[in-house]
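Asks: Here it is, the structure, as C-alpha cells.
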Number of protein chains: 2
Amino acid sequence: MIEDKNQQRTQLSDLGEFGLIDHLTENFKIKQSSTIKGIGDDAAVLEFKNKKIVVTTDLLLEGIHFDLSYMPLKHLGYKAIVVNLSDVYAMHANPTQVTVSIAVSNRFPLEALEDLYAGIETAANIYNVDVVGGDTTSSNTGLLISVTAIGEVESNNEVYRNGAKPNDLLVVSGDLGAAYMGLQVLEREKEVYKVNPNSQPDLEPYSYIIERQLKPEARKDIVKLLNDLNVKPTSMIDISDGLSSEIIHLCKQSKVGCDLYEDKIPLDPQVISTCEEFNIDSTTVALNGGEDYELLFTISQDDFLKIKANPNLSIIGHIKEEREGMHLVTRAETRIPIKAQGWKNFND
Amino acid sequence: MIEDKNQQRTQLSDLGEFGLIDHLTENFKIKQSSTIKGIGDDAAVLEFKNKKIVVTTDLLLEGIHFDLSYMPLKHLGYKAIVVNLSDVYAMHANPTQVTVSIAVSNRFPLEALEDLYAGIETAANIYNVDVVGGDTTSSNTGLLISVTAIGEVESNNEVYRNGAKPNDLLVVSGDLGAAYMGLQVLEREKEVYKVNPNSQPDLEPYSYIIERQLKPEARKDIVKLLNDLNVKPTSMIDISDGLSSEIIHLCKQSKVGCDLYEDKIPLDPQVISTCEEFNIDSTTVALNGGEDYELLFTISQDDFLKIKANPNLSIIGHIKEEREGMHLVTRAETRIPIKAQGWKNFND
C-alpha cells in the first residue's frame, strides 16, 4: 500500500557501518544537560547528580510487532521510541536519553532508513530526549529495532507497581481499545488490497483508531499533571498488553484485589462504532487489546477531589483486600474474575 | 556438532511471557548497591549519586554474528554480555548493570534458553553486574540478543577516544588476531563435519584461539591495573573490529597521526602457527581480524616506566602530528598507510 516504485534507492553497502550511523544521526541535537557525550565513542556518558535513573528496553520485530505493508517507516521509528518512553513515564519519571539499535536486511535502501530515523528524530524532539547510542547491523531477514530508554526522577519520587493499598482508587488516562481496533481495520484493508490493488479505502471514519495504532503517544502530560496537582500515585503501570493484564500485574505485586467497573472503562466513540461493525465486544477489546500506552495507576482516596473532574482521567474501580480477588463488575452487576490472557506470540 | 537428540524439550508456548522471564531470571542476584530495583516493573531504577554513568548497546544476530552449529548457547550468552562490558571498560568505567532482550523462534526449546541464560548469569557473576531488565519476544527466524550495558565512573575520570596527543605512546592489552583464527578453525571443522559427521576433530592445538572466539573476556583487569598504577590514558577504545579500524577511530577523533610498528604487535604462538597452517599473514589478521576485545589506549611518555615491564601490555607505536598520517612500519622498515577495512556485513 505504501510502496513507491519510483523512489530513490541507495544500497546500504555503498556506505560503511560508520558512514551509515554518522549519516542517520548527523542532524540529532543534544538537548539534555545530563548528556555529557552522545554517539561517537565506545559508550555514551551521562551525569544525573542526585537523581535516580530508570532504564527500560523493548524489541520490535517485523512480522511480529509491525507489518510494513501498512506501517510507514517514519511512524515505526516514532512508535519504537514512544513505547519505551511510556515505560519511563509509568515509573513517574521523565525520559532523557534513548539508544536505538537496528538490524536491517539489504532489501531496505538507505532512503527507507532515513524515513525510520526521521520518525525517531521527531519523537526525540517532541519528547525532549537525546539519542545517545546504538548499533547498526545487517539482518538475513527483516527489520528489527531495539530501543533502550533512560529517564530521571527525583529520589524517592519514583512509583512502582507494588504500592497499591485497599480503598485506593484505580485510575486510567485517556481511552482504551483504540489501537487494537485500528489494527483490525488495517488488517482488513490489507486483505482488500491483496484482492484489488486499485481499491481506495475510505479510512476517514477510522482516523482516530488508526492513528492510535500507527502513531501512538506516551502520556508525558499525565506525569506533569500529577506533579502539578501534587498527587503521587501509590502504584503505576503503563497499558501495553491490555487493561486486564496490567491490573493483574499491579494487584499481584501490591498483594491486593480490586473491583473494576465495566461501565467506567473509557471508550472512544470510534472504538464503539468499529466494535459494532466488527461484531466484537468493546469491553473485551479494552481489557485485552493492548498497545494503548495509557497509564494505569492508583491514588489515595484523599486525592479524589484533585482528579475527579479531569477529562484526561477516569476512575474505573477501587482496590480491595487480596483475599477478595480481582473482579470485573459488569453493566449487569455480575462479578467476573479478571483473568490474564498471557502472551500469545509464542503460540503463533 | 553440539546437538543432543535426547535433550529434554519444553515448548516455549507452555509458558507465557511472564512465566518465561520469571523462570529465566529467578536465580539472578542483585550485587550492585546502585541497583534499587531490577527486573519486575516497567523499568529498572538505579542510583549513582555523584558518579557519571556510561551506556552502550550491541545487537548479536544468528547467521550474522554467531553460528549455533559450533557456538554453544551458554558461551553465546556469556559472550553477549562480555562484548558490551568491553565497551564500558574502554571508557575507563566499571560496568554495573545490563539489560538483555532476546527474540527467539519456536524451534528453541526452553532448555536452550536456560543454557543461554546460564551463560548470561555466569558473566554477570564474574563481572559483578546486575541483569536489571529486558524483553523477550518470539521471532519468525533465528535467535537475536540485544544487550545494553551501564557502567559508572568517578566524575572526570572517564576516557574518550579523542584525547591522544603527539608523542603519546600507543599501547594494547593482551594479544591480537586469536578470535579471528579461532573462527577460521571452527568454520573449517564445520565443513569437515558436513562431509563426515563421524569425524572427531582434534582441536587441542587450537584451544586458546577457539576459546578467544567462543568465550572471550573483557579486560576488567586493565582498568584496575591502570588505576593501581595511577596511569590515566589520554584516549582509549576497545578492539572489536580489528586494530587498524580502531587506530583510525582513535587518531581521527584525536586529530593526530601515528606510527604502528609491525614487530611490536602482540601475537600468541597459536595465532602464528595457525596463520602459517592457513597461509594467512598474521599481521593482516591482527590488523583486520576483529573480536579481540582488548583495549587500545594512549598514555603520556611520562608514564612509560610505570607500564613498560607489564606482561599484559605492549607498546606498539606512538602518536604523531595529524599531517604526518597513520602508518604501519613493517619489519622491512617500509611505511604503509593504515587503511580502514570498513564494515563488511552489508556486502555479504
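Quick reminder: no glycine exception, Cβ is built from N, Cα and C everywhere.
Note: TrEMBL annotation is automatic and uncurated.
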Asks: Name the residue, out of B:Asp221, B:Asp228, B:Asp238, B:Asp241, that TrEMBL lists for the same Mg(2+) 3 site as B:Asp42, B:Asp87, please.
Replies: B:Asp238
Asks: Taking CB atoms only, which of the binding-site residues B:Tyr117, B:Ser240, B:Glu291 fall under 8 A from chain A?
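Replies: Near chain A - Cβ to Cβ under 8 Å - we find none.
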Asks: Reduced to three states, what secondary structure does DSSP give B:Ser240 (ATP binding site)?
Replies: coil
Asks: Quick one: Cα separation, B:Asp87 (Mg(2+) 3 binding site) versus B:His65 (substrate binding site), in Å?
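Replies: The separation of the Cα atoms works out to 17 Å.
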Asks: Cβ atoms within 10 Å, counted per site: which of B:Asp58, B:Asp87 has the most, among these binding-site residues?
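Replies: When each Cβ's neighbours within 10 Å are tallied, B:Asp87 leads.
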Asks: Checking the binding-site residues B:Asp42, B:Thr56, B:His65, B:Tyr117, B:Gly134, B:Asp135, which are within 10 Å of B:Asp241 (Mg(2+) 5 binding site) at the Cα level?
Replies: none
Asks: When you rank B:Thr56, B:Thr57, B:Asp58, B:Asp238, B:Glu291 by Cα distance to B:Arg161 (ATP binding site), which of the binding-site residues ends up on top as the closest?
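Replies: Result: the closest of the binding-site residues to B:Arg161 (ATP binding site) is B:Asp238.
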Asks: Let me know how many other Cβ atoms fall within 10 Å of the Cβ of B:Arg161 (ATP binding site).
Replies: 24
Asks: Taking DSSP states H, G and I as helix and E and B as strand, how many residues of the domain 'PurM-like N-terminal' (B:40-153) are helix, strand and coil?
Replies: 34 helix, 45 strand, 35 coil
